[in-house]
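Some features that Swiss-Prot has for this protein:
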- Gly42, Pro43, Val44, Gly45, Ser46, Gly47, Lys48, Thr49: GTP binding site (BINDING)
- 1-26: region 'Disordered' (REGION)
Amino acid sequence: MHDHSLHSGHDHGLGPGSFHDRGAPHARGDLRRRAFTVGVGGPVGSGKTALVLALCRALRDSRSLGVVTNDIFTREDAEFLVRNDALPAERIRAVETGGCPHAAIREDVTANLLALEELTEAHRPEILFCESGGDNLAAHFSRELADYTIYVIDVAGGDKVPRKGGPGITQADLLVVNKTDLATAVGADLDVMARDAARMRGDGPVVFAQVTRGVGVPEIAGHVLHAYRHAVGAPH
């Protein structure tokens, strides 16, 4: 019986963190219980749900997929994905986290684990996406929940966001800087963002994207597939 009471504490919630201290992905022997899981996190409005939709569209013809979304008090993100035909409705589940969305992906992952395991049992997906509720830069997925993590920030917050650090920015397996088309409008310098992201993440990968326009999506999907193949021991 899997212990759903696993808690990861706040060990990575203090300080900016670093990419090489992130708790690297590890081979997990129970992929039949819970399929390879990609955690998608980031602040409110950064484009997490749009990215999940884009990745479903990019991968659904070649891979069996499922999605679990997290919202504080609604099922809005799951309903958006169903409405936009990301996947058949039965492959999309919603978890209502209450007022503390980061706890559901880090301190007490019980509800998300159950939803992911139920999807795995019902549909035998190869890849699951777990989208967190919108939260701050300190929120980051527990490795008990996500085998691979993507953190989404957007240019609308200004070019200062990457250098603020926080575990999401420094320790996600992939950082996505979304909405690059807004840079001029908000006075953000993409070169500054690229430099600061590299400084905060070392050699951790960063993709600059316009998710709703498809820009950067193939590259992001490529990172996901590479991690999946590595996890299942398939040739890259």
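Easy rule for this one: first residue shown is 1, then count along the chain.
Positions of Cβ are set from backbone N, Cα and C atoms, glycine also.
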Binding-site residues listed as Gly42, Pro43, least Cβ neighbours within 10 Å:
Pro43
Intrachain C-beta neighbours of Gly45 (GTP binding site), sequence separation six or more, cut-off 8 angstroms:
Gly134, Asp154, Ala156
Of Val44, Ser46, Gly47, Lys48 (the binding-site residues), the residue whose Cβ has the fewest other Cβ atoms within 10 Å:
Val44
Assigned conformation of Thr49 (GTP binding site) - DSSP reduced to three states:
helix
What other residues of this chain sit with their CB within 8 A of the center of the CB atoms of Gly42, Pro43, Val44, Gly45, Ser46, Gly47, Lys48, Thr49, the recorded GTP site?
Gly134, Val152, Asp154, Asn178
Which residues, sitting 6 or more apart from Thr49 (GTP binding site) on the same chain, put a CB under 8 Å from its CB?
Thr69, Asp77, Phe80, Leu81, Glu131
